[in-house]
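S.K.: What follows is a structure written as structure tokens; I'll ask about it next.
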Amino acid sequence: MLQMIPPKETYLSIRDLWKAFGSFIALKDISLDVKEGEFICFLGPSGCGKTTLLRAIAGLDLQTKGTVTQGGQDVSNLPPSERDFGIVFQSYALFPNLTIEKNIAFGLENAGRSKAEITARVRELLELVGLPDQGRKYPAQLSGGQQQRIALARAIATNPGLLLLDEPLSALDAKVRVHLRHEIKELQRKLGVTTIMVTHDQEEALAMADRIVVMNHGVIEQVGSPTEIYREPANLFVADFIGEMNQIGSSVAKGGRLAVGEKTFACLPHGLADGTPVIAAVRPEDVIPHEAGYLETSGNRNCIDVQLAEMEFLGSFWRCRLTNKRFGGKELIADFSINAVRRLGLEAGCQMEIELPDNRLMAFPVAGGEGAKQ
Amino acid sequence: MTDTAQDMLPSGPAVKGKLSRDDIIMRGSMIIIALYLVVSLVFPLYAMLSKSFSTYRVELSQYEFQVSNEAGRFDGTILTGAELNARTNTFADADLSTGADGRLPVTGFFPDFSFRSPVMYQIRNTTDTGRFLIGSNLQTGTDWVTLDSNTFRRVQLRPVKAQGLDNFVSYFSTPALFNSIKNSLWIAVLSTVVTVSLAFWFAYALNRSCMKYKGVFRLIAMAPILVPSLLPGIALVYLFGNQGMIKELLFGASIYGPIGIVIGSVFFTFPHAFIIISTALAISDARLYEAAASLRSSPWRTFWTVTVPGARYGLISAAFVVFNLVITDFGLPKVIGGQFNVLAVDIYKQVIGQQNFEMGAVVSVVLVIPAILAFAIDRLVQSKQVALLSARSVPYEPQPNKKMDRIFFAYCTLIGIFIAGLLAVCQFAALIKFWPYDLSLSLNNYQFDRMDGGGWGSYVNSIKLALMTAVAGTAVVFFGAYLVEKSKGFRTGRALFQMFAMLPMAIPGMVLGLAYIFFFNNPANPLNAIYGTMAILVVCTVTHFYTVSHLTAVTALKQMDREFESVAASLKQPTMKLFARVTVPVCLPAVLDISIYLFVNAMTTVSAVVFLYSPKTTLASIAVLNMDDAGDIAPAAAMGMMIFYTNALARIIHLLASRGILKKTQAWRSR
Ligand SMILES: Nc1ncnc2c1ncn2[C@@H]1O[C@H](COP(=O)(O)OP(=O)(O)OP(=O)(O)O)[C@@H](O)[C@H]1O
Ligand SMILES: [Mg+2]
């Protein structure tokens, strides 16, 4: 993708970073720039190295190779205590024997602040995270969500330049999670603090991040805004990992079209040579339904006839399983609006046609090797 | 941004982290505590080991002599010491192998010698290593020294130090010595079998039956921990000794010897076996019993297929712990062993009785081998048991069973009578005026100042030692455990530290004490100044009981969130602030446990300190030993019971203090 001129200064810059645990390489040649005030999510499957990268940025587990520059200063080999960050762990790591107030005040002490200043700051923070009257309680007396907010308050108490969050929401139940998501995002916007959050929940990443860093097996697969990542996945891994994606075996035909059986489809540009075996990919919600015979009448060559094998009502739309022997025994999944289903009179077993829009149909090389599109 | 990048780490040096102030403080402190362990453990053991291989032999061939005629003229005939000895047979070969202090007079080589004769003598070393004394002047040169007869009789040959296996050879060629190996092993195995069997059924009754008064039985079972191991010996003397109350029960056999040692060993090792087996039984899984019941397995079969295998690690571990306790114990066989020699007592006899330090070191080395083996196997087994513990299991709920509950109750009562009975006998003995002739009650036996052993001063010293050990030991052990658990990087250093911390448990007290003599009583050692002071007793006791304390601390620390230190660092707060404000308060229960453990053991320990006390630092436990040795058995029993009451009181205070402090500082524990 084209790099736009950054609206803000680069705050954190990671260059050629490697991390090895013995002979196992957990991070391979990572380079990444984070702009001031940005909210970044590290997203990827379990074990891909998200936490490792976060801890390298914090200096908690030093990288084996590479540099980290923060706010213009090379911090590559500095211990955590000489870097500028606040951190929230999955376990929150609240001090169990100290009250909430004392937990938050912990980092404010020995920095030349008076007692009154500290008390005032603690009160301000408690209000900021929406727990103004819980200060005298102990961590064990709060709910998980409340503890999480206290951990956040403690981390931002000293106004760090960088806020690091390692799966801060994963210990909470679904409802609290969605709620806190917005609160954290809101808070981050208000404070303008550069934030990196680790998560393996793509919904969380899509909802919160300015930019998402998709990782797999110790490498960065793609960096981009949520819509970029979703709309223009750089490779099959990203396409498959974020959202749902139909994958149909295919090959590149003349003019860059995609051949599925004897049919060819127009698709987004991919730059692959003719004859390359590829995966044709389209998201379920991008499939457009038409009545049988539409191809004849409209001449739209990106249409194909299918049988509607099964349909399932999911509240705001219908999830339909479509078959055609050209799909190689696979079903194509499509999400149709309630309106469309009613208009076209769709029901299980009926014949219909679908359109795979040429600006939504993507092609990826089979082995997952080289990135498909630039 | 794809993974075409090669998967090989680029060459070149890895990023080297800059150490923070905290890292430096923590590493520095860790090195200091590791050095403490090196000085208080590794160096002394090394000194002992090298002592066991040190041989001292007078090399007669390294000396040459000349004798003048009556007129004082030498005719030039030179004879070596070896030739002279061959001619006169003055010394047998064994006489030439001596200790470090060995001295041989030389006048025996000359049958005509008279200190009044005008005959002159000349003597010299033939090598630079040769040494002999004239009076107290050491002669090392190879020049001839001319002496008149009167001076010549003050010449003494000194041995040459060498390294070799001679001491071991002479150990294994002396049946009186190496028979102890067999004796020790035999006693240890027998005591282990008896204790573990008894403790198993006791623990089984307390965990798996619905009998009454479980709390009382538990309390009684723990009582032996509070007394020195030699106290049951004294009780047994009163019961079965030559004038014993019920000596007929032995049918003529003597309590002095293996019988006494085994009974006493069962007494003092019982609580250790009981705790371990009880823990193993408590964690076994109820679901297995339900499964067995649903398969209509008979209770007996269930016992053998479910209960015993479930507790097997506990049983094995208990067996090795008991074995180790018995084989390294010194107090009990000293009091009741009679002519039956065991290794731990041999060390004492060699060192204190015969001043043969090299042989003491040899016996120590021999004793360390089974002790280390037992220790190693126990660690191995315990690491497996931990894995069992962490598995999710449902605790077993016993069902009432009138008949079985009654049988178990009877059994536990018998054990209870055995333990409480021996203690009661001691107390009784202490209060009787003069057994068996005058049975009136009196406090005469508490007038310790009239007996050997240091009097009431010893008791005060013991309490001082126990308090100092508890305070200093807890501080060092807990801080050391914190550093090794929570500091970052420094892998090798931490692994070494862990090893040093585990080592004391494998070293028998007698061995440690003797090693301290070799190391600290060496005038060349700058630490020589602490020899004979209270300080060396504290150091020795802390080190002796380091391992269990360390493990307690590590277990508590492992339960702390791993990220506390990271949070503190990110907040730019010193780690030591975190340690003081969070770690110590949260681990307070463990800290208190360590301190009471050290206190009780410092009160009861005999084996290590028996070599190290001085007239100013006599201890209560040693006083028990010495008064018993001197025949003052009743006062010995009285002093032993004083230790018991002191420890019991300490435990009660510990309990109350724990509760009080927990209530006050640990409000956060409750929701
Ligand atoms: N201290 C360590 N020693 C050896 N291997 C490690 C260590 N820490 C992490 N790893 C390995 O490095 C890889 C990346 O671990 P990391 O914790 O960064 O994953 P993650 O992306 O955060 O996963 P999750 O979502 O499960 O938290 C994993 O394969 C892990 O096993
Ligand atoms: Mg992680």
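Every residue, even glycine, has its Cβ placed from backbone N, Cα and C.
In case it helps, TrEMBL gives these features for our protein:
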type	residues	note
TRANSMEM	B:24-47	transmembrane segment
DOMAIN	B:181-378	domain 'ABC transmembrane type-1'
TRANSMEM	B:185-204	transmembrane segment
TRANSMEM	B:216-239	transmembrane segment
TRANSMEM	B:259-283	transmembrane segment
TRANSMEM	B:303-327	transmembrane segment
TRANSMEM	B:359-377	transmembrane segment
TRANSMEM	B:408-432	transmembrane segment
DOMAIN	B:459-654	domain 'ABC transmembrane type-1'
TRANSMEM	B:465-484	transmembrane segment
TRANSMEM	B:496-519	transmembrane segment
TRANSMEM	B:531-557	transmembrane segment
TRANSMEM	B:633-657	transmembrane segment
S.K.: Are the transmembrane segment (B:496-519) and the transmembrane segment (B:359-377) close, by which I mean at least 3 Cβ pairs under 8 Å that are 6+ residues apart in sequence?
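M.R.: Counting Cβ pairs under 8 Å (6 or more apart in sequence), the transmembrane segment (B:496-519) reaches the transmembrane segment (B:359-377), since there are 3 or more.
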S.K.: I need to check the long-range neighbours of the transmembrane segment (B:185-204): which residues 6 or more away from its ends have a CB within less than 8 Å of a CB in the stretch?
M.R.: 217, 221, 258, 261-262, 265-266, 269-270, 273-274, 277-278, 281, 307, 311, 315, 318-319, 322-323, 326-327, 333, 342, 370, 408, 411-412, 415
S.K.: Using Cβ atoms and a strict cutoff of less than 8 Å, what residues sit near the transmembrane segment (B:465-484) while being 6 or more residues removed from its termini?
M.R.: 26, 29-30, 33, 36, 494, 497-498, 501, 534, 537-538, 541-542, 545-546, 549-550, 553-554, 557, 579, 583-584, 587, 590-591, 594-596, 598-603, 617, 619, 650
S.K.: Let me check one thing: do the transmembrane segment (B:259-283) and the transmembrane segment (B:359-377) come into contact, meaning three or more Cβ pairs under 8 Å with sequence separation of at least 6?
M.R.: no
S.K.: Given the transmembrane segment (B:531-557), which of the listed stretches B:24-47, B:216-239, B:303-327, B:359-377, B:633-657 has the most Cβ pairs that are under 8 Å apart from it?
M.R.: B:24-47
S.K.: Please give the sequence-distant neighbours of the transmembrane segment (B:24-47): residues at least 6 beyond its ends with Cβ less than 8 Å from one of its Cβ atoms.
M.R.: 476, 479-480, 483-484, 486-487, 490, 493-494, 496-497, 500-501, 503-504, 507, 511-512, 515-516, 518-520, 522, 527, 539-540, 542-543, 546, 574-576
S.K.: Would you say the transmembrane segment (B:633-657) and the transmembrane segment (B:216-239) are touching, if the rule is that at least three C-beta pairs must lie under 8 angstroms and be 6 or more residues apart?
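M.R.: Yes, these stretches are in contact.
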S.K.: Of the listed stretches (B:303-327, B:359-377, B:408-432), which one yields the highest count of Cβ-Cβ distances below 8 Å with the transmembrane segment (B:633-657)?
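M.R.: Ranked by Cβ pairs under 8 Å, first place goes to B:408-432.
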S.K.: What else in the chain is close to the transmembrane segment (B:408-432), if you only count residues 6 or more beyond its ends and a Cβ gap under 8 Å?
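M.R.: Cβ under 8 Å, 6 or more out: 198, 201-202, 204-206, 209, 211-213, 216-217, 220-221, 223-224, 227, 231-232, 234-236, 238-239, 245, 267, 270, 438-443, 445-446, 633-635, 637-638, 640-641, 644.
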S.K.: The transmembrane segment (B:359-377): which same-chain residues, six or more beyond its ends, come within Cβ distance under 8 Å?
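M.R.: The answer is 48-49, 51-52, 167-168, 170-171, 177, 180-181, 184-185, 188, 316, 320-321, 323-324, 327-328, 343-344, 346-347, 350-351, 505-508, 510-511, 514-515, 518.
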